[in-house]
Amino acid sequence: MHNYNRAEKIAQILQKENPHPKTELVHSNEMQLCIAVMLSAQTTDKKVNQITPNLFMKYQRWQDFSSADLGELRTIIRGVNFHKGKAERIIKASNVIIHEFRGELPRTLDDLIKIPGIARKSANVILQELWDITEGIVVDTHVTRVSNRLGLTANTDAVKIENDLMKIIPQKYWRNFSGAVVFHGRYVCKARKPDCEKCILNKLCPGAFKY
């Protein structure tokens, strides 16, 4: 089967299995999701969700984050990986959002990636989760692993993987593919001991039963 046709078939199966995937990051507004996404880099959603209740109780507006004491913010988010750098970027990002975007998150990928701490992956998550805007495919560790096992890419760089996927997956599936593959990678195609026996994609996967 040609890789384009196989990729579309994979996307179709994933959409049928998980038609409306949503982030597991707990949030109640745009600011909270943005901060949670920034914290989630190299950190599990579960860990982020343990930290954000206290964080969002103390900091409820962009202005609160922009004027936060760096040391205090670092202490509150200490449970996430690279918390020192993330605290700095959160403060910088808040100031950029206030002064360059009038306190509102921009709704384009090009503008979002101008904000400190927000790269393509984070920008795609924010656009898709908040406004159902799809400009690309979210590529995290799960998408990287699953896409390589499925033979949809041979790259390990996130931007290159995204470009590879966008070439072979029809755009109408991009939104679903991102979320569905994350869940598939988290609960089925795990880094260690993937459950190939129960995998709905095992007949289309060249890496099935090899790990």
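Every residue gets a Cβ built from N, Cα and C, even glycine.
The domain 'HhH-GPD' feature in TrEMBL is assigned to 39-187. Annotation comment: TrEMBL describes CYS189, CYS196, CYS199, CYS205 as [4Fe-4S] cluster binding site.
Every protein chain considered, the tally of other Cβ atoms within 10 Å of the Cβ of CYS199 ([4Fe-4S] cluster binding site) stands at 18. One residue stands out among the binding-site residues CYS189, CYS196, CYS205 for having the most other Cβ atoms within 10 Å of its Cβ: CYS189. Each residue of the domain 'HhH-GPD' (39-187) gets a DSSP state, and the totals for helix, strand and coil are 98 helix, 0 strand, 51 coil.
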